[in-house]
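Here is the structure we will look at.
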Amino acid sequence: MDWIVHQLRVHPELAIFLTLFVGFWIGKIKIGKFSLGVVTSVLLVGVLVGQLDITVDGPIKSVFFLLFLFAIGYKVGPQFFRGLKKDGLPQMGFAAIMCVFCLIIPWILAKIMGYNVGEAAGLLAGSQTISAVIGVAGDTINELNISPETKEAYNNIIPVSYAVTYIFGTAGSAWVLGSLGPRLLGGLDKVKAACKELEAKMGNNEADQPGFMAAARPVTFRAYKIANEWFGDGKRVSDLESYFQENDKRLFVERVRQAGVIVKEVSPTFVLKKGDEVVLSGRREYVIGEEDWIGPEVLDPQLLDFPAEVLPVMVTRKTVAGEKVSTIRALKFMHGVSIRRIKRAGIDIPVLAQTVVDAGDMVELVGTKHEVDAAAKQLGYADRPTNQTDMIFVGLGILIGGLIGALSIHMGGVPISLSTSGGALIGGLFFGWLRSKHPTFGRIPEPALWILDNVGLNMFIAVVGIAAGPSFVQGFKEVGLSLFIVGALATSIPLIAGVLMAKYIFKFHPALVLGCTAGARTTTAALGAIQEAVESETPALGYTVTYAVGNTLLIIWGVVIVLLM
C-alpha cells in the first residue's frame, strides 16, 4: 500500500486517472432514482485521493477545462444565435431574466449569511448545477488584488460549497419542476391535458400521425404478393400510395417483382398487377398486417436484398430551414423517406407535424439508400459516421476565444475580463454556429464531443478535488448543514419564480413553461422528470433555446459573482 501511495505522489497523473475511474463508477450507481452523478462523485473521490498529500502541477487542469467549455459552446452555438431571431426572442428573454434570478438569489443569500467570495461562488455553482463556475470563478479570483494565501483559501472552499449544495441542486430541481411545477400551473392533470392538446395541435395526435415515429418505432420493409381485386387490370404505384395516404398510412412501394423480373427503380407510373410481389416501406405498425388487404406476405430474400440507410443530416438549406415537419414531409424528394428523430443542441425534440425544423438541427432520415441520399442533399449536409475530429477548428477556436477572453478593462482599479475560460466558451458558441452554416469543415463527431465535454469537465474536477483534499474536511466543518439549507433555497426560489414568470408574464403554453424553466437552468435531469410526470415529450420544445442561453450566462456568472462579493 505504501508503494502505491508513493507512486501516486511521484506520478500524480495516475492519481487523476484513479479519481476518474472510481468517480465514474460511483456516479453510475443508483439507489432507487437517486444518484450522486458523475461530477459530484469525481469531486468527492478527488477529495479522498487528495488526503494522500498529492500535488498536481502544470496546466493540465486549465487545458481540459478549456476543452470542456469549447465543447459546451460548440454544442449550443446554433441555438444560441437562433434565439436572436424574432420567433426565439421571447424564450431568449425569459432565459436571460431567469438567469439573473439564478445569480441574484445566491448572491443575496451569500450576503445575508456573511459568506466569503469562495463560498458564494461554490453556492452558485452547486445550487444552479453549473460546474463550470468552479473554474471561471477560480480564474477571476486569481486576478484579484489579494494575497496568494487568501486566493488559495477562496479557491479551496469553492469545491466544498459546491459539493454541499450540488446534491439538492440536482435532485431538488427535478422535484421542484417535476412535482411542484405542475401544481403551480393548476395541477398535474391539467398540465397533462395541455400537453396532449399541444400534441394534437402540432401533429393531429402524434400517435396516429402517419410517417412520424419515436426511435423505438423503426421503419421496416416487407414483401407481399398482390391478390386483392382492387388492383383489377392494374393500378399505378402512385394510385396505391395515394390509397394508403387516404387511409392515414404513409407507405411506399420500394421494389417490385413482375413476371419473375425484379424492378429496382419503381416509378410512380409503374403498373402493378395481381400476382406481382411488392416491397412496402414505412412505419412498422402500418406495414405489418397488409397481408389482410394486398395479399399474403412472402419471404423473398432476393427481393428484399437492398441497402436501407439511417442517416443523420444537418439541416442547412434555406429552403427547408424554418419549415414545419409536415411541409418538409410533403416535398417530392421525401418520397420513401421517414424522419425518425430530430436533435437540437444535443436534445431530442418531438417529431410532430407542426414541429419547426431549424438550421443546425440534426434530422435522422430512414429509407432506402438512394432515396435517403437524395433527400439528404436537399435538406443539408449528410453527417456520415467518421472517427476524425477537425482539430484545426478546435485549436483555432480555443485560441481565438482565449485571446479575446484575456482582454481586460479596468473599473475602479479592478481588472475585469471574461478570462480565457469565458473566452473559450464564446469561441465555442461562434464556431459551433459557424459550423451549422458551413458544415463541410469543423466536424466534431458525437463521441469525440462527449469526450471533450465529459472527460474535459471531470478531468478538471478531479484536479480541483485533489488540490482541495487537504483542506476539505476543515472547510466542510466551517460551512456545515446551514449551507445545505441555503443551497436548497438558492435552488428552489429561482425555479419557482421562473415557472410563475413563464406562466403569468410571458404567458407560455403550459406544456412549454416547465421545459423553458428547466432549459434556462440547464438541468437535463429535471427535463426528464418533467417529461415523465406529464407523460409527454412536448416540454422539450421549450428547452433548447433557453438551454443555450442558460449555459452561456450561468457560466459567465462565475465572473460576476466574484466581482459582486
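The backbone N, Cα and C atoms fix where each Cβ goes, and this holds for glycine too.
Annotated features, as they stand in Swiss-Prot:
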type	residues	note
TRANSMEM	14-34	transmembrane segment
TRANSMEM	36-56	transmembrane segment
TRANSMEM	92-112	transmembrane segment
TRANSMEM	117-137	transmembrane segment
TRANSMEM	157-177	transmembrane segment
DOMAIN	296-381	domain 'RCK C-terminal'
TRANSMEM	391-411	transmembrane segment
TRANSMEM	414-434	transmembrane segment
TRANSMEM	448-468	transmembrane segment
TRANSMEM	481-501	transmembrane segment
TRANSMEM	508-530	transmembrane segment
TRANSMEM	545-565	transmembrane segment
Mind checking which residues of the chain, 6+ beyond the ends of the transmembrane segment (36-56), have their Cβ under 8 Å from one of its Cβ atoms?
5, 8-9, 12-13, 15-16, 18-20, 22-29, 131, 159, 162-163, 166-167, 170, 454, 457-458, 461-470, 472
Among 14-34, 92-112, 117-137, point out the range having the most Cβ pairs under 8 angstroms from the transmembrane segment (508-530).
92-112
What residues in the same chain, six or more past the boundaries of the transmembrane segment (117-137), come closer than 8 Å to it by Cβ-Cβ distance?
39, 61-62, 65, 68-69, 72, 102-103, 106-107, 109-110, 144, 153-166, 168-170, 173, 419, 421-422, 425, 457, 460-461, 464, 479, 483, 486-488, 490-491, 494, 521-523, 554-559, 561-562, 565
Using a Cβ cut-off under 8 Å, which residues of the same chain at least 6 positions beyond either end of the transmembrane segment (481-501) come close to it?
94, 97-98, 101-102, 105-106, 109-110, 113, 119, 123-124, 126-128, 161, 164-165, 168-169, 172-173, 176-177, 180-181, 184-185, 513-514, 516-517, 520-521
Can you give me the average pLDDT across the domain 'RCK C-terminal' (296-381), rounded to a whole number?
84
The domain 'RCK C-terminal' (296-381): DSSP-derived helix, strand, coil residue counts:
19 helix, 32 strand, 35 coil
If we skip the immediate neighbours and take only residues 6+ beyond the ends of the transmembrane segment (391-411), which ones have a Cβ under 8 Å from one of its Cβ atoms?
66-67, 70, 73-74, 143, 417-428, 430-431, 435, 441-444, 452
